[in-house]
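Below: one structure, written as structure tokens.
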Amino acid sequence: MAVNGDWSDCGFLVLNAGSSSLKVALFAATGDEALLSGKVEKIGPDGVIQLKDAQGQALPVAEGVAEGDLGTHTGALMVVIRTIQRHFPALRLAAVGHRIVHGGPQFNAPLVITPDVMRTLEALAPFAPLHQPHNLAGVRAAMAAFPGVPQVACFDTAFHRDQPFVNDTFGLPSRYYEQGVRRYGFHGLSYEYITGQMRQLAPQLAAGRVVVAHLGNGASMCAVHDGRAVASSMGFSPLDGLAMGTRCGQIDPGVLLYMLDQEKLSSAEIARVLYHESGLLGLSELSNDMRTLEAAGTPQAQRAIDYFVMRAQRELGALAAQLGGLDALVFSGGIGENSVLIRARICERLGWMGIELDPARNAEHATWISAEQARTAVLVVRTHEELVIARSVRAVVGMA
Ligand code: ADP
């Protein structure tokens, strides 16, 4: 920790622990550039680690890393820590920031993880069984590695917690709402970053009615008015709304009853279909990766793309209705930032919403891609969730 508020030799780590991956970024006490960033993928017997420095140059991992060290989250974190110690021997770690997918109804801002907070986060695991346990494994690994160092939780749900009741609830008996069965949203760290960027890029638009489309392997859209979330395409779980790489998106709950009653699938089997076998992969029977589908040119790949585009247009229309109109549409996430085709396809036939792309600017991945005369602005903004966590950590531990 800093002595007398002098943070000059301090740094802090940002961790994003998924089921089989650990993304990391190391920040100094000030500055937006990560000193080190990277990820461990396929945590297990075939674990792979890639770390780079602030200039994007590959950083060799610490010497003596043995096969099997990347077999668990804790092992992977230890390899990262030893690598940091090798390359930044004078740096003192003052805090660790964690991406936590679920903050439940109660947490609407980042906070230091106390034993009480940890218990609450563990109790929320049934709300996000495929994500929360891995996030918390990352917290435990960091607590074991850095006893006494503050661990800060930053929630993907927090950005959405102030949405009006009608966009927070389902049409179920009200006891479910009381139990916490609500529309939590997700991708909130990305939305927070993008609304912050919008305030800098276009303050007038940022004060207006904006839909942000975070289109990655996971995908959602959020309606934002004057920087505050109004409605999201994602609901109780990260399954709802848009079609995704392997997730189904919006579905009639009657289909789940059919799977249960007629196909006699167990809940685990249904979860596998909905989370891992659907979306772009399920429709194309080829890949969850949009680049692969764009290149494939097969009828089934085309159908998967058509469905992805249709769902995006429907959600956009619904969210614009919640805002009472639209001043700007912002594309983000791996697909939103990189796919000229998908941006063009989503925007085509939306002239009635004032949306009209400038094809040349779209092809150049310019920040502003709408046509000069268009009533509604369309932008591309590269998201940076780690930086949002970094800024929150600084604020929570008093570095900022
Ligand atoms: P995650 O949700 O896992 O963070 P990303 O935001 O990295 O995912 O997005 C991954 C998606 O972005 C994949 O479907 C990938 O194919 C897509 N993508 C990345 N680059 C391109 C590109 N140039 N053209 C089309 N799709 C792309």
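Using N, Cα and C of the backbone, Cβ positions are placed for all residues, glycine too.
Taken from TrEMBL as is:
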type: BINDING; residues: Asn16, Glu385; note: Mg(2+) binding site
type: BINDING; residues: Lys23, His214, Leu215, Gly216, Asn217, Gly218, Asp289, Met290, Arg291, Gly334, Ile335, Gly336, Glu337, Asn338; note: ATP binding site
type: BINDING; residues: Arg99; note: substrate binding site
type: ACT_SITE; residues: Asp156; note: active site, proton donor/acceptor
type: SITE; residues: His187; note: site 'Transition state stabilizer'
type: SITE; residues: Arg247; note: site 'Transition state stabilizer'
Residue with minimal Cβ packing [other Cβ atoms within 10 Å] among the recorded positions Arg247, Arg291: Arg291
Cβ neighbours of Asn217 (ATP binding site) where a neighbour is any other Cβ within 10 Å: 16
Asn16 (Mg(2+) binding site) and Asp156 (active site, proton donor/acceptor), distance between Cα atoms, whole Å: 11
Cα-proximity to Arg99 (substrate binding site), 10 Å cut-off, over recorded positions Asn16, Leu215, Arg247, Glu337: Asn16
Extent of the ATP binding site in Å [max Cα distance among Lys23, His214, Leu215, Gly216, Asn217, Gly218, Asp289, Met290, Arg291, Gly334, Ile335, Gly336, Glu337, Asn338]: 22
Site with most surrounding Cβ atoms, counting all protein chains shown within 10 Å, from the recorded positions Asp156, Asp289, Glu337, Glu385: Asp156
Within 10 angstroms of Lys23 (ATP binding site), Cα basis - recorded positions out of Asn16, His187, Arg247, Glu385: Asn16
Filtered binding-site residues, from Asn217, Ile335, Glu385, whose Cβ is under 6 Å from an atom of ligand 1: Asn217, Ile335
Nonlocal neighbours by CB distance (under 8 Å) for His187 (site 'Transition state stabilizer'), same chain, sequence gap 6 or more: Asp156, His214, Gly218, Ser220, Cys222, Met234
Among Asn16, Asn217, Asp289, which are recorded as binding-site residues, the nearest neighbour of Arg247 (site 'Transition state stabilizer') by Cα: Asn217
Rounded inter-Cα distance in Å - Asp289 (ATP binding site), Glu385 (Mg(2+) binding site): 21
The one of Lys23, Arg99 whose CB sees the fewest other CB atoms within 10 Å, among these binding-site residues: Lys23
